[in-house]
Amino acid sequence: MKAEFDKELIKKYDRPGPRYTSYPPATEFTEEVKEDEYVKRLIKSNERKTPLSLYFHIPFCEQRCLYCGCNVIISHRKGIEEPYLERVCREMDLVSQYLDKDRKVIQLHWGGGTPNYLSPEQIKWFMEEIRKRFEFGDNAEISIELDPRYLTDEQIKAIKDAGFNRISLGVQDLDPKVQQAVNRVQPYELIKEKMEKLREAGFESINLDLIYGLPYQTKESFEKTVEKVIELNPDRIATYSFAYIPQVKPHQQLLPKEALPSAEEKLRIFEMVINKFQEAGYVYIGMDHFAKPEDELAVAQRKGELWRNFQGYTTKKGVELLGFGATSIGMLYDSYFQNWKTLRDYNKTVDEGKIPVFRGYVLNEDDFIRREVIMDIMCNLGVEFSKIENMFGINFREYFAKELEELKEMEEDGLIKVEEDRIKIMPVGRLLIRNVAMVFDAHLRRKKELNFSRTI
(Lines of atoms letter the chains of each structure in order from A and count residues from 1; the text may use other names and numbers.)
(Lines give C-alpha, C1' and ligand atoms only; values in the text may rest on other atoms or scores of the structure.)
Protein backbone atom coordinates (compact mmCIF):
# COMPACT_ATOMS: atom_id res chain seq x y z
CA MET A 1 0.00 0.00 0.00
CA LYS A 2 1.47 3.33 -1.07
CA ALA A 3 -0.25 6.46 0.16
CA GLU A 4 0.79 9.98 -0.72
CA PHE A 5 -0.08 12.82 1.63
CA ASP A 6 0.37 16.49 0.95
CA LYS A 7 0.87 18.89 3.85
CA GLU A 8 -2.51 20.56 3.35
CA LEU A 9 -4.32 17.23 3.68
CA ILE A 10 -2.45 16.48 6.91
CA LYS A 11 -3.26 19.91 8.35
CA LYS A 12 -6.90 19.49 7.39
CA TYR A 13 -7.47 16.13 9.05
CA ASP A 14 -5.10 16.25 12.04
CA ARG A 15 -7.57 16.90 14.85
CA PRO A 16 -8.55 15.30 18.17
CA GLY A 17 -10.87 12.31 17.89
CA PRO A 18 -11.93 9.06 19.60
CA ARG A 19 -10.29 5.70 18.88
CA TYR A 20 -13.71 4.04 18.85
CA THR A 21 -12.94 1.10 21.07
CA SER A 22 -16.63 1.64 21.85
CA TYR A 23 -19.46 3.75 20.51
CA PRO A 24 -20.40 6.01 22.14
CA PRO A 25 -16.87 6.52 23.53
CA ALA A 26 -16.17 6.41 27.28
CA THR A 27 -16.27 10.23 27.37
CA GLU A 28 -20.08 9.88 27.15
CA PHE A 29 -20.38 7.71 30.27
CA THR A 30 -22.42 9.28 33.05
CA GLU A 31 -22.37 8.83 36.84
CA GLU A 32 -26.17 8.62 36.77
CA VAL A 33 -25.77 5.03 35.51
CA LYS A 34 -24.57 2.94 38.45
CA GLU A 35 -24.77 -0.45 40.19
CA ASP A 36 -28.57 -0.88 40.11
CA GLU A 37 -28.63 -0.39 36.33
CA TYR A 38 -25.71 -2.83 35.94
CA VAL A 39 -27.55 -5.51 37.92
CA LYS A 40 -30.70 -4.99 35.83
CA ARG A 41 -28.73 -5.23 32.58
CA LEU A 42 -26.74 -8.28 33.76
CA ILE A 43 -29.97 -10.17 34.52
CA LYS A 44 -31.46 -9.10 31.16
CA SER A 45 -28.29 -10.27 29.38
CA ASN A 46 -29.10 -13.88 30.39
CA GLU A 47 -32.03 -13.84 27.94
CA ARG A 48 -29.54 -13.38 25.08
CA LYS A 49 -27.48 -16.38 26.28
CA THR A 50 -24.39 -14.76 24.76
CA PRO A 51 -20.95 -16.14 25.65
CA LEU A 52 -18.75 -14.09 27.96
CA SER A 53 -15.44 -12.28 27.68
CA LEU A 54 -13.67 -11.36 30.94
CA TYR A 55 -11.21 -8.52 31.45
CA PHE A 56 -9.11 -8.21 34.62
CA HIS A 57 -7.21 -5.02 35.35
CA ILE A 58 -3.94 -5.49 37.25
CA PRO A 59 -2.98 -1.84 37.82
CA PHE A 60 0.47 -2.22 39.41
CA CYS A 61 3.78 -1.27 37.76
CA GLU A 62 7.36 -1.13 39.04
CA GLN A 63 7.98 2.19 37.28
CA ARG A 64 6.10 4.67 35.10
CA CYS A 65 6.52 4.65 31.32
CA LEU A 66 6.10 8.29 30.31
CA TYR A 67 3.99 7.55 27.21
CA CYS A 68 1.45 5.51 29.18
CA GLY A 69 -2.22 6.39 28.96
CA CYS A 70 -3.43 3.58 31.23
CA ASN A 71 -4.61 3.78 34.82
CA VAL A 72 -1.65 2.46 36.84
CA ILE A 73 -0.28 2.41 40.38
CA ILE A 74 3.50 2.66 40.69
CA SER A 75 4.83 0.58 43.58
CA HIS A 76 8.12 -1.21 44.29
CA ARG A 77 6.58 -2.52 47.50
CA LYS A 78 5.25 -6.00 46.85
CA GLY A 79 2.32 -7.03 49.01
CA ILE A 80 0.01 -4.27 47.80
CA GLU A 81 -1.45 -6.68 45.21
CA GLU A 82 -2.67 -9.37 47.68
CA PRO A 83 -5.64 -7.45 49.17
CA TYR A 84 -6.46 -6.11 45.70
CA LEU A 85 -6.76 -9.60 44.18
CA GLU A 86 -8.94 -10.71 47.11
CA ARG A 87 -11.28 -7.79 46.46
CA VAL A 88 -11.43 -8.63 42.75
CA CYS A 89 -12.53 -12.14 43.79
CA ARG A 90 -15.27 -10.54 45.90
CA GLU A 91 -16.30 -8.42 42.93
CA MET A 92 -16.55 -11.61 40.84
CA ASP A 93 -18.89 -13.07 43.49
CA LEU A 94 -21.05 -9.92 43.44
CA VAL A 95 -21.36 -9.99 39.64
CA SER A 96 -21.51 -13.74 38.90
CA GLN A 97 -24.54 -14.29 41.16
CA TYR A 98 -26.67 -12.54 38.50
CA LEU A 99 -25.40 -14.64 35.58
CA ASP A 100 -26.73 -17.97 34.36
CA LYS A 101 -24.17 -20.67 35.08
CA ASP A 102 -24.37 -22.14 31.57
CA ARG A 103 -22.92 -19.01 29.93
CA LYS A 104 -19.43 -19.98 28.85
CA VAL A 105 -16.34 -17.78 28.91
CA ILE A 106 -14.74 -17.89 25.45
CA GLN A 107 -12.26 -15.04 25.96
CA LEU A 108 -10.25 -13.75 28.92
CA HIS A 109 -7.65 -11.00 29.14
CA TRP A 110 -5.39 -9.74 31.92
CA GLY A 111 -4.25 -6.18 31.27
CA GLY A 112 -2.67 -3.39 33.23
CA GLY A 113 -0.54 -2.05 34.57
CA THR A 114 1.72 -5.05 34.52
CA PRO A 115 0.03 -8.44 35.06
CA ASN A 116 3.46 -10.03 35.61
CA TYR A 117 3.82 -7.78 38.65
CA LEU A 118 2.15 -10.82 40.27
CA SER A 119 4.31 -13.69 41.53
CA PRO A 120 4.08 -17.15 39.89
CA GLU A 121 2.04 -18.37 42.88
CA GLN A 122 -0.36 -15.43 42.63
CA ILE A 123 -0.83 -15.95 38.88
CA LYS A 124 -1.83 -19.60 39.41
CA TRP A 125 -3.98 -18.87 42.47
CA PHE A 126 -5.86 -16.00 40.84
CA MET A 127 -6.64 -18.00 37.70
CA GLU A 128 -7.93 -20.86 39.87
CA GLU A 129 -10.23 -18.38 41.64
CA ILE A 130 -11.58 -17.16 38.29
CA ARG A 131 -12.23 -20.74 37.14
CA LYS A 132 -14.14 -21.47 40.36
CA ARG A 133 -16.63 -18.77 39.43
CA PHE A 134 -16.88 -19.08 35.64
CA GLU A 135 -17.22 -21.98 33.21
CA PHE A 136 -14.74 -21.82 30.33
CA GLY A 137 -15.60 -22.96 26.82
CA ASP A 138 -13.37 -25.31 24.81
CA ASN A 139 -10.63 -23.44 22.95
CA ALA A 140 -11.18 -20.26 24.95
CA GLU A 141 -8.80 -17.44 24.02
CA ILE A 142 -6.87 -16.68 27.24
CA SER A 143 -4.42 -13.80 26.95
CA ILE A 144 -2.12 -11.75 29.15
CA GLU A 145 -0.02 -8.60 28.72
CA LEU A 146 3.59 -8.90 29.88
CA ASP A 147 6.46 -6.52 30.56
CA PRO A 148 9.57 -8.33 29.26
CA ARG A 149 11.84 -6.43 31.69
CA TYR A 150 10.36 -8.21 34.72
CA LEU A 151 9.38 -11.54 33.17
CA THR A 152 10.99 -14.54 34.91
CA ASP A 153 11.24 -18.19 33.84
CA GLU A 154 9.06 -19.12 36.84
CA GLN A 155 6.36 -16.70 35.70
CA ILE A 156 6.44 -18.11 32.17
CA LYS A 157 5.84 -21.61 33.59
CA ALA A 158 3.05 -20.35 35.87
CA ILE A 159 1.36 -18.51 32.99
CA LYS A 160 1.47 -21.68 30.86
CA ASP A 161 0.22 -23.87 33.73
CA ALA A 162 -2.63 -21.41 34.40
CA GLY A 163 -3.92 -22.02 30.87
CA PHE A 164 -2.95 -18.83 29.06
CA ASN A 165 -2.52 -19.38 25.33
CA ARG A 166 -1.92 -15.85 23.99
CA ILE A 167 0.86 -13.47 25.00
CA SER A 168 1.25 -9.77 24.36
CA LEU A 169 4.65 -8.16 24.98
CA GLY A 170 5.10 -4.40 25.27
CA VAL A 171 8.03 -3.47 23.00
CA GLN A 172 7.06 0.09 21.83
CA ASP A 173 10.45 0.92 20.21
CA LEU A 174 13.90 -0.71 20.19
CA ASP A 175 15.89 2.51 19.76
CA PRO A 176 17.90 3.18 22.97
CA LYS A 177 17.46 6.98 22.71
CA VAL A 178 13.68 6.66 22.44
CA GLN A 179 13.59 4.10 25.26
CA GLN A 180 15.47 6.46 27.57
CA ALA A 181 13.20 9.39 26.67
CA VAL A 182 10.07 7.40 27.60
CA ASN A 183 11.65 5.72 30.67
CA ARG A 184 11.39 2.16 29.36
CA VAL A 185 14.83 0.71 28.68
CA GLN A 186 14.72 -2.87 27.31
CA PRO A 187 17.41 -3.97 24.84
CA TYR A 188 16.57 -6.00 21.74
CA GLU A 189 18.55 -8.95 23.17
CA LEU A 190 16.22 -9.06 26.18
CA ILE A 191 13.08 -9.11 24.01
CA LYS A 192 14.62 -11.82 21.80
CA GLU A 193 15.53 -13.96 24.82
CA LYS A 194 12.00 -13.69 26.32
CA MET A 195 10.40 -14.48 22.95
CA GLU A 196 12.53 -17.62 22.62
CA LYS A 197 11.61 -18.75 26.13
CA LEU A 198 7.90 -18.16 25.50
CA ARG A 199 8.11 -20.19 22.27
CA GLU A 200 9.97 -22.98 24.09
CA ALA A 201 7.19 -23.01 26.70
CA GLY A 202 4.72 -23.72 23.89
CA PHE A 203 2.93 -20.40 23.40
CA GLU A 204 1.65 -20.40 19.85
CA SER A 205 0.33 -16.86 19.62
CA ILE A 206 2.61 -13.95 20.55
CA ASN A 207 1.71 -10.33 19.88
CA LEU A 208 4.16 -7.43 20.06
CA ASP A 209 2.97 -3.88 20.79
CA LEU A 210 4.74 -0.97 19.10
CA ILE A 211 4.07 2.77 19.41
CA TYR A 212 4.88 5.37 16.77
CA GLY A 213 4.97 9.10 17.45
CA LEU A 214 7.30 8.90 20.48
CA PRO A 215 10.08 11.47 21.11
CA TYR A 216 13.15 11.19 18.82
CA GLN A 217 11.48 8.72 16.47
CA THR A 218 12.08 9.21 12.76
CA LYS A 219 11.09 7.09 9.80
CA GLU A 220 14.70 5.88 9.55
CA SER A 221 15.08 5.03 13.25
CA PHE A 222 11.72 3.24 13.49
CA GLU A 223 12.48 1.29 10.31
CA LYS A 224 15.32 -0.41 12.21
CA THR A 225 12.88 -1.34 15.00
CA VAL A 226 10.41 -2.75 12.46
CA GLU A 227 13.14 -4.84 10.79
CA LYS A 228 14.18 -6.31 14.15
CA VAL A 229 10.54 -7.04 15.03
CA ILE A 230 10.13 -8.92 11.73
CA GLU A 231 13.19 -11.01 12.68
CA LEU A 232 11.45 -11.91 15.97
CA ASN A 233 8.59 -13.38 13.88
CA PRO A 234 5.59 -12.57 16.13
CA ASP A 235 2.13 -13.81 15.12
CA ARG A 236 0.55 -10.38 15.52
CA ILE A 237 1.82 -6.83 15.79
CA ALA A 238 -0.15 -3.86 17.08
CA THR A 239 1.33 -0.51 16.03
CA TYR A 240 -0.42 2.22 17.97
CA SER A 241 -0.27 5.93 17.32
CA PHE A 242 1.05 7.66 20.46
CA ALA A 243 -1.78 9.43 22.27
CA TYR A 244 -0.15 12.65 23.48
CA ILE A 245 -2.67 14.07 25.95
CA PRO A 246 -0.67 15.86 28.70
CA GLN A 247 -3.84 17.70 29.76
CA VAL A 248 -5.29 14.30 30.77
CA LYS A 249 -2.06 12.45 31.68
CA PRO A 250 0.20 15.02 33.44
CA HIS A 251 3.25 12.70 33.52
CA GLN A 252 3.44 13.10 29.71
CA GLN A 253 4.60 16.67 30.40
CA LEU A 254 7.97 15.10 31.29
CA LEU A 255 8.44 14.06 27.66
CA PRO A 256 10.54 16.45 25.51
CA LYS A 257 7.71 17.98 23.46
CA GLU A 258 10.13 19.45 20.90
CA ALA A 259 11.37 15.91 20.11
CA LEU A 260 7.92 14.57 19.17
CA PRO A 261 7.63 13.82 15.44
CA SER A 262 5.31 16.09 13.43
CA ALA A 263 2.02 14.80 12.02
CA GLU A 264 3.73 14.62 8.62
CA GLU A 265 6.62 12.55 10.00
CA LYS A 266 4.18 10.28 11.88
CA LEU A 267 2.42 9.48 8.63
CA ARG A 268 5.75 8.82 6.90
CA ILE A 269 6.60 6.42 9.75
CA PHE A 270 3.29 4.59 9.54
CA GLU A 271 3.37 4.29 5.74
CA MET A 272 6.78 2.65 6.12
CA VAL A 273 5.39 0.34 8.85
CA ILE A 274 2.52 -0.79 6.60
CA ASN A 275 4.80 -1.46 3.63
CA LYS A 276 7.46 -3.29 5.68
CA PHE A 277 5.03 -5.60 7.49
CA GLN A 278 3.07 -6.37 4.33
CA GLU A 279 6.29 -7.15 2.45
CA ALA A 280 7.16 -9.54 5.30
CA GLY A 281 3.88 -11.41 4.74
CA TYR A 282 1.65 -9.86 7.40
CA VAL A 283 -1.95 -8.86 6.65
CA TYR A 284 -2.89 -5.27 7.53
CA ILE A 285 -5.86 -5.45 9.93
CA GLY A 286 -8.21 -2.55 10.52
CA MET A 287 -6.45 0.63 11.61
CA ASP A 288 -3.26 -0.46 13.35
CA HIS A 289 -2.86 -4.25 13.60
CA PHE A 290 -0.92 -6.75 11.51
CA ALA A 291 -1.28 -10.53 11.58
CA LYS A 292 -0.05 -13.60 9.74
CA PRO A 293 -2.57 -14.69 7.06
CA GLU A 294 -3.61 -17.79 9.02
CA ASP A 295 -4.10 -15.85 12.28
CA GLU A 296 -7.68 -15.58 13.61
CA LEU A 297 -7.62 -11.78 13.24
CA ALA A 298 -6.80 -12.02 9.53
CA VAL A 299 -9.45 -14.72 9.02
CA ALA A 300 -12.05 -12.61 10.88
CA GLN A 301 -11.29 -9.57 8.72
CA ARG A 302 -11.69 -11.65 5.55
CA LYS A 303 -15.06 -12.92 6.80
CA GLY A 304 -16.21 -9.44 7.92
CA GLU A 305 -16.41 -10.61 11.56
CA LEU A 306 -13.87 -8.27 13.15
CA TRP A 307 -15.03 -6.11 16.09
CA ARG A 308 -13.53 -3.58 18.50
CA ASN A 309 -13.56 -3.43 22.27
CA PHE A 310 -11.47 -1.71 24.93
CA GLN A 311 -8.51 -4.00 24.20
CA GLY A 312 -8.54 -3.11 20.49
CA TYR A 313 -9.49 -5.49 17.66
CA THR A 314 -11.11 -8.80 18.54
CA THR A 315 -12.46 -11.84 16.70
CA LYS A 316 -15.29 -12.27 19.22
CA LYS A 317 -18.09 -10.02 18.01
CA GLY A 318 -21.07 -11.67 19.68
CA VAL A 319 -19.77 -11.74 23.26
CA GLU A 320 -20.57 -9.63 26.31
CA LEU A 321 -17.52 -8.29 28.13
CA LEU A 322 -17.37 -8.13 31.93
CA GLY A 323 -14.67 -5.91 33.42
CA PHE A 324 -13.17 -6.63 36.85
CA GLY A 325 -10.80 -4.55 38.96
CA ALA A 326 -10.23 -0.83 39.35
CA THR A 327 -11.00 1.29 36.25
CA SER A 328 -12.05 -1.70 34.09
CA ILE A 329 -14.92 -1.35 31.62
CA GLY A 330 -17.64 -3.87 30.83
CA MET A 331 -19.54 -3.91 27.54
CA LEU A 332 -22.94 -5.58 27.48
CA TYR A 333 -24.92 -5.58 24.23
CA ASP A 334 -27.00 -2.56 25.25
CA SER A 335 -24.85 -0.79 27.86
CA TYR A 336 -21.36 0.01 29.15
CA PHE A 337 -20.18 0.17 32.77
CA GLN A 338 -16.92 1.37 34.32
CA ASN A 339 -15.49 0.65 37.78
CA TRP A 340 -14.08 3.24 40.15
CA LYS A 341 -10.65 4.42 39.01
CA THR A 342 -8.85 4.87 42.33
CA LEU A 343 -7.97 1.96 44.60
CA ARG A 344 -9.47 3.81 47.56
CA ASP A 345 -12.90 4.15 45.93
CA TYR A 346 -12.75 0.65 44.45
CA ASN A 347 -11.78 -0.96 47.78
CA LYS A 348 -14.36 1.00 49.78
CA THR A 349 -17.23 0.02 47.45
CA VAL A 350 -16.31 -3.68 47.35
CA ASP A 351 -15.87 -3.69 51.16
CA GLU A 352 -19.44 -2.35 51.43
CA GLY A 353 -20.62 -5.37 49.44
CA LYS A 354 -21.50 -3.35 46.35
CA ILE A 355 -20.46 -3.82 42.72
CA PRO A 356 -17.83 -1.05 42.23
CA VAL A 357 -19.40 0.59 39.16
CA PHE A 358 -19.24 4.39 39.23
CA ARG A 359 -20.49 5.32 35.77
CA GLY A 360 -21.89 3.89 32.58
CA TYR A 361 -24.03 4.39 29.52
CA VAL A 362 -27.23 2.81 28.16
CA LEU A 363 -27.46 2.88 24.37
CA ASN A 364 -30.50 4.34 22.60
CA GLU A 365 -31.78 3.25 19.19
CA ASP A 366 -29.70 5.82 17.30
CA ASP A 367 -26.57 4.66 19.19
CA PHE A 368 -27.13 1.05 18.06
CA ILE A 369 -27.35 2.10 14.40
CA ARG A 370 -24.34 4.40 14.56
CA ARG A 371 -22.28 1.85 16.51
CA GLU A 372 -22.78 -0.72 13.75
CA VAL A 373 -21.78 1.81 11.06
CA ILE A 374 -18.70 3.03 12.97
CA MET A 375 -17.56 -0.52 13.81
CA ASP A 376 -17.94 -1.52 10.15
CA ILE A 377 -15.76 1.43 9.16
CA MET A 378 -13.13 0.67 11.81
CA CYS A 379 -13.12 -3.11 11.30
CA ASN A 380 -14.32 -3.93 7.80
CA LEU A 381 -13.09 -0.78 6.02
CA GLY A 382 -16.49 0.17 4.72
CA VAL A 383 -20.24 0.04 5.23
CA GLU A 384 -22.85 -1.82 3.20
CA PHE A 385 -26.06 0.22 3.23
CA SER A 386 -28.30 -2.84 2.73
CA LYS A 387 -26.78 -4.59 5.77
CA ILE A 388 -27.60 -1.61 8.03
CA GLU A 389 -31.04 -1.22 6.45
CA ASN A 390 -31.90 -4.89 7.05
CA MET A 391 -30.63 -4.82 10.64
CA PHE A 392 -32.47 -1.67 11.70
CA GLY A 393 -35.32 -1.13 9.22
CA ILE A 394 -34.08 2.25 7.99
CA ASN A 395 -33.28 3.84 4.64
CA PHE A 396 -29.53 4.47 4.90
CA ARG A 397 -29.36 7.39 2.47
CA GLU A 398 -32.27 9.15 4.19
CA TYR A 399 -31.13 8.45 7.75
CA PHE A 400 -27.57 9.59 7.06
CA ALA A 401 -28.31 12.32 4.47
CA LYS A 402 -26.31 14.94 6.40
CA GLU A 403 -23.36 12.56 6.90
CA LEU A 404 -23.29 11.53 3.23
CA GLU A 405 -23.19 15.22 2.30
CA GLU A 406 -20.22 15.73 4.66
CA LEU A 407 -18.42 12.72 3.17
CA LYS A 408 -18.31 14.33 -0.29
CA GLU A 409 -15.26 16.35 0.73
CA MET A 410 -13.48 13.20 1.96
CA GLU A 411 -14.35 11.53 -1.34
CA GLU A 412 -12.81 14.45 -3.25
CA ASP A 413 -9.68 14.10 -1.07
CA GLY A 414 -9.44 10.40 -2.00
CA LEU A 415 -10.13 9.01 1.49
CA ILE A 416 -13.31 7.13 0.58
CA LYS A 417 -15.50 6.10 -2.33
CA VAL A 418 -19.29 6.26 -2.02
CA GLU A 419 -20.81 3.60 -4.27
CA GLU A 420 -24.42 2.56 -4.94
CA ASP A 421 -24.77 0.41 -1.82
CA ARG A 422 -21.66 1.11 0.22
CA ILE A 423 -18.97 3.41 1.49
CA LYS A 424 -15.52 2.01 0.78
CA ILE A 425 -12.38 3.16 2.59
CA MET A 426 -9.56 3.84 0.11
CA PRO A 427 -5.87 3.17 0.96
CA VAL A 428 -5.24 6.82 1.92
CA GLY A 429 -8.42 6.84 4.01
CA ARG A 430 -7.27 3.85 5.98
CA LEU A 431 -4.67 6.00 7.73
CA LEU A 432 -7.42 8.51 8.57
CA ILE A 433 -10.12 5.98 9.38
CA ARG A 434 -10.97 7.68 12.68
CA ASN A 435 -11.81 10.87 10.78
CA VAL A 436 -14.23 8.94 8.55
CA ALA A 437 -15.88 7.32 11.60
CA MET A 438 -16.17 10.72 13.31
CA VAL A 439 -18.61 11.90 10.62
CA PHE A 440 -21.14 9.36 11.96
CA ASP A 441 -20.57 10.24 15.65
CA ALA A 442 -23.68 12.09 16.85
CA HIS A 443 -22.15 12.77 20.28
CA LEU A 444 -19.07 14.43 18.79
CA ARG A 445 -21.24 17.03 17.07
CA ARG A 446 -22.39 18.26 20.48
CA LYS A 447 -18.92 18.38 22.01
CA LYS A 448 -17.14 21.71 22.44
CA GLU A 449 -13.89 20.60 24.05
CA LEU A 450 -12.12 17.49 22.77
CA ASN A 451 -9.93 15.65 25.29
CA PHE A 452 -8.98 13.03 22.71
CA SER A 453 -5.63 12.20 21.16
CA ARG A 454 -5.04 13.57 17.66
CA THR A 455 -6.07 11.41 14.71
CA ILE A 456 -2.57 11.60 13.19
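In case you wondered, yes, glycine gets a Cβ from its N, Cα and C as well.
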Binding-site annotation, Swiss-Prot, S-adenosyl-L-methionine 2: partner of Tyr67, Gly113, Thr114, Gln172, Arg184, Asp209 in Ala26, Ala243, Ala259: Ala243
Gly112, Glu145, Ile329 bind S-adenosyl-L-methionine 1 per Swiss-Prot; candidate in Tyr55, Tyr188, Tyr282, Tyr284 listed for that same site: Tyr55
Neighbours of Tyr55, Gly112, Glu145, Ile329 excl. site residues, C-beta within 8 Å of centre, S-adenosyl-L-methionine 1: Phe56, His57, Ile58, His109, Trp110, Gly111, Gly113, Phe310, Gln311, Gly323, Gly325, Ser328
Close binding-site residues near Cys68 ([4Fe-4S] cluster binding site), where close means Cα within 10 Å, chosen from Gln172, Asp209, Ala243, Ile329: Ala243
For Glu145 (S-adenosyl-L-methionine 1 binding site), the one of Cys61, Gly113, Gln172 that lies nearest, given that the binding-site residues are compared by Cα: Gly113
Arithmetic mean of per-residue pLDDT over the domain 'Radical SAM core' (46-280): 95
Proximal but sequence-remote residues of the same chain as Cys61 ([4Fe-4S] cluster binding site) (Cβ under 8 Å, at least 6 apart): Val72, Ile73, Ile74, Ser75, Gly112, Gly113, Thr114, Tyr117, Asp147
Spatial separation of Ile329 (S-adenosyl-L-methionine 1 binding site) from Asp209 (S-adenosyl-L-methionine 2 binding site) - C-alpha basis, Å: 21
[4Fe-4S] cluster site, defined by Cys61, Cys65, Cys68: further same-chain residues with Cβ within 8 Å of the Cβ centre: Gln63, Arg64, Leu66, Tyr67, Cys70, Val72, Ile74, Thr114, Asn183, Arg184
Between Tyr67 (S-adenosyl-L-methionine 2 binding site) and Tyr55 (S-adenosyl-L-methionine 1 binding site), the C-alpha gap once rounded to whole angstrom: 23
